[in-house]
Amino acid sequence: MGIRYDGLFIMLKENGITKTGLQKRLGLSSATMAKLSKNENVAMKVIEDICRELKCQPGDIMSMTSDSPPNKLLSVLKEEKEMKLKGGIYHQTQIKLAYNSNRIEGSMLSEDQTRYIYETNTIEVKADKPTKVDDIIETVNHFQCFDYMIDCAESELTESIMKEFHRILKSGTSDSRKDWFRVGDYKARPNVVGDMRTTAPAKVQGEIRKLLEEYNEKKSINIDDIIEFHYRFETIHPFQDGNGRVGRMILFKECLRHHIIPFIIDEEHKLYYYRGLKEYPNERGYLTDTCLSAQDRYRELMKYFFEEE
Ligand SMILES: Nc1ncnc2c1ncn2[C@@H]1O[C@H](COP(=O)(O)OP(=O)(O)OP(=O)(O)O)[C@@H](O)[C@H]1O
């Protein structure tokens, strides 16, 4: 068993406090900050001071982990993210996930344009083809959301993580300027997906809590559980918009958390993915097969980066 401080780092992010900011406020030494970052034991007094500052309980900032095999993919993603390494699996995943997840939703940006935004923070606009400002903002937001997802990958899935995914993805978009559109919160108005009715706004919170409770109390979670969660989440459709992207970010997070090879549903397979969701109540195989073949593609990517070392 070991200690993890994921809760602390999530809470700092949610409150807009940097690690240096916390260090200064509490007068912590650099050695203590390094211990927190490396999930090593710190004095109880440090935990007390942090809880007093953040007005929370120790269980909100730290948790015990069971001994499980090291999660190589997650460690590499974290390391390359911190190093801002170019050309590695983190960089590739950022571009492929943002491009495909936004493209499924209807973004008109190409994979090359997505890569350009990621690598140079610029975009080549074609004179004969207008580019939507929202597509660009949502692409940049997706990169940030992926980083947040890596930070909280090992934490239990909660409402606040899901809402934070939504807040990051939709911040600064034209939707966020509509007064009825709740960025980072559940929908205020009923919505449909395709021709299917979704959960009414007043019932969303209860349904999501029930879903999370049933999911999180499972003793062990496998890929079928994660896919089932995705189907149920999309059926509830808790947010006004952006449910597909939030749902696919959760898929990636939960695979990382449970040491399962993650996957990116690519836009070429969008129709199979949609059919899989539609048919899921009668035949689970379509959605499962779509996810498993996407997983095979990500496994190939991992092989390239890890087995050629
Ligand atoms: N028949 C279905 N049953 C359940 N979920 C579905 C079904 N069809 C599509 N979905 C999910 O709904 C998402 C699209 O929902 P919608 O068109 O309302 O856009 P959204 O909420 O903005 O999500 P996105 O992030 O994809 O834009 C799809 O990406 C998919 O995850």
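Every residue, even glycine, has its Cβ placed from backbone N, Cα and C.
Here is what TrEMBL says about this protein:
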type: ACT_SITE; residues: His237; note: active site
type: BINDING; residues: Asp241, Gly242, Asn243, Gly244, Arg245, Val246, Gly247, Arg248, Tyr273, Tyr274; note: ATP binding site
type: DOMAIN; residues: 157-307; note: domain 'Fido'
type: SITE; residues: Glu105; note: site 'Important for autoinhibition of adenylyltransferase activity'
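Taking the features listed in TrEMBL, we show where each one sits on the structure.
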residue : record                                                              : CB count, 10 Å
Glu105  : site 'Important for autoinhibition of adenylyltransferase activity' : 18
His237  : active site                                                         : 22
Asp241  : ATP binding site                                                    : 17
Asn243  : ATP binding site                                                    : 21
Arg245  : ATP binding site                                                    : 25
Gly247  : ATP binding site                                                    : 24
Tyr273  : ATP binding site                                                    : 20
Legend entry - Distance [Cα-Cα, Å, rounded] between Asn243 (ATP binding site) and His237 (active site): 6
Inset, instruction - Averaged across the domain 'Fido' (157-307), what pLDDT does the model get? Just tell me the whole number, please. - result: 97
Legend entry - His237 (active site) to Gly247 (ATP binding site) - Cα separation in whole Å: 9
Inset, instruction - Give the three-state DSSP assignment (helix, strand or coil) for Asp241 (ATP binding site). - result: coil
Legend entry - Most distant Cα pair in Å, residues Asp241, Gly242, Asn243, Gly244, Arg245, Val246, Gly247, Arg248, Tyr273, Tyr274 binding ATP: 18
Inset, instruction - Measuring C-alpha to C-alpha, could you say which of the binding-site residues Arg245, Gly247, Tyr273 are within 10 Å of Glu105 (site 'Important for autoinhibition of adenylyltransferase activity')? - result: Arg245
